[in-house]
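Working notes for the structure below.
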Amino acid sequence: MTLLTANALGSLLGNAISTSSMRLGRVVHARIVKTLDSPPPPFLANYLINMYSKLDHPDSARLLLRLTPSRNVVSWTSLVSGLVQNGHFSSALLEFLEMRREGVFPNDFTFPCAFKAAASLRSPVTGKQIHALSVKCGRILDVFVGCSAFDMYCKTKLRGDARKMFDEIPHRNLATWNAFLSNSVTDGRPREAAGAFIEFRKIGGHPNSITFCAFLNACSDGLLLSLGEQLHGLVIRCGFDTDVSVCNGLIDFYGKCNKIHCGETVFAEMGTKNAVSWCSLVAAYVQNHEDEKASLLFLRSRKEIVQTSDFMISSTLSACAGMAGLELGRSVHAHAVKACVESTIFVGSALVDMYGKCGCIEDSEQAFDEMPEKNLVTMNSLIGGYAHQGQVDMALALFDQMAPRGSGPAPNYMTFVSVLSACSRAGDVENGMKIFDSMKSCYGIEPGAEHYSCVVDMLGRAGMVERAYEFIKKMPIQPTISVWGALQNACRMHSKPHLGVLAAENLFKLDPKDSGNHVLLSNTFAAAGRWAEANTVREEMKGVGIKKGTGYSWITVKNQVHTFQAKDISHRMNKEIQTMLSKLRNEMEAAGYKPDLKLSLYDLEEEEKAAELAHHSEKLALAFGLLALPLGVPIRITKNLRICGDCHSFFKFVSGSVKRDIIVRDNNRFHRFVGGTCSCKDYW
């Protein structure tokens, strides 16, 4: 048997560490015990301590340390660094303390480990004590020790001490500047990070990929588009445009700054892409409401056999939620189950949100119940699902489970938006006003524009239009487009043209180019029978070049999307659709349905009004769904504008007559028609 020298055995222990092979390490340890005198040479003992601590066998490492008579600072540092590397921060600090009791002084490698342990435990008192010891030992001037102390102060939120520490470091290296940039971004100070980067460049600093990524994160968080575009130029100039991490940061930056086409260009020009690259562009598409592109990119990534992550799946599920893509959402859910990530907090919350926004509240509840861990985002998603369905009782019951009433997380800004929206949908003015009044007094949350908009919408739905206007006049903030829009819609529904004109005037000031505001005012006049004024508004729209957005309804059958416009005759099954519509209209009129002619927005004869209402896009989609979908399958229709009141009434009659569930999504709200009733309390 060949006898190995001590140096060769030490080299083998190094290999065991680099390959994470505990088996090799134990074999070498056995050879040391068998062939060498006890105790082994100090450097081999240190190798063994390092090997056991790095491979997360702390008890074996401690035992070896205690059995080493000539243990020194290297021995102790090997143990402390291994404990920190494996997340045993408290144990690392206890061993650091024991080392000091033995009179061993830490070196330039020990202090950074101790600072990291204190930072990870968010223990500023311990960190300051270690800082004092490093000053006493004369090690604080070392760039690595100083950088570690600075990072500790940043992690423990001692901004003043962190800045002072940074200023006192005599020789700042690249790692120090990177730490400053990264911690400024993490701490929510992107502009400070941008200033530091500029200062770094002024002194002649040469950034690396970490520097560029940190600065791009600062530009993303601060929406610093111009600065980020300049940085992109520097990235190309420095030759980092081929670095995968930097390119991923650029995609994320352009996505958050609403320059998605630039992100697409970066992605297309990348020579090498990793899973993060695909994930970054999917997320960027979702952030910019390009849900269809996000879904197509996800499907493309599956063909390219890109490794799936929980973040990729959660982003794709958000895209499915945004476009009510239930079929794709279910297939992504199946993929999440196959990848064993369906129970993670990100994917679970996205599933709750997706099913809720696709009108499948039972599936949303099931996804919620099956999650082993729930957070505020998860609960907000389910409350939002209840709000979309108008199930105010369920939304309030879940809200009551939150702190301080229940044991769940405390509600935040978005929680109240969802709860107030649920109250609005259900016409529950009493509970809605109580919750709104409690926001600041009980929860310390200042109401924002979204909350005021929900209250105005809620009062308007209940017919309290004048009260809604008085509420707007007393708002402590300037009313936004959504607030005036909610009032104008209430005026249209309850024939209050005088207030509708006032709301429209304010909308025109805030957004004069939005066709929807002009159309809503015209519809308000039309609903009140004031045809001349309605026509005047439409003529004014033509005069300034504002065009009304086309209304579409679409329905998915066998993975194919079928799109309809009002009076559409282009579908290949148009003849069958028209026959079905005539049959439905005759049957519904026999059952008591009467076309609501006042909802025709043009001054026509009654027969012409009835014909116009009969060929709305949602009715065409419904007729096609009844023809193409088998019995027992719900008919799901999505509409880019609001469903009209006449179609709403028509769908209720149809659902009771043909015994089919009909689910219509319009403007991110749901109307579920079952057995002649609708999930919403009243049409809105």
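Including glycine, each Cβ sits where the backbone N, Cα and C put it.
TrEMBL has this to say about the protein:
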{"type": "REPEAT", "residues": "72-106", "note": "repeat 'PPR'"}
{"type": "REPEAT", "residues": "375-409", "note": "repeat 'PPR'"}
{"type": "REPEAT", "residues": "412-442", "note": "repeat 'PPR'"}
{"type": "DOMAIN", "residues": "592-684", "note": "domain 'DYW'"}
What are the DSSP helix/strand/coil residue counts across the repeat 'PPR' (412-442)?
-> 28 helix, 0 strand, 3 coil
Against which stretches of its own chain does the repeat 'PPR' (72-106) lie, if we need a Cβ under 8 Å and a gap of at least six residues from its ends?
-> 42, 45-46, 49-50, 52-56, 58, 61-62, 65, 113-114, 116-118, 120-121, 126, 130, 133-134, 137, 139
Can you tell me the mean pLDDT for the repeat 'PPR' (375-409)?
-> 89
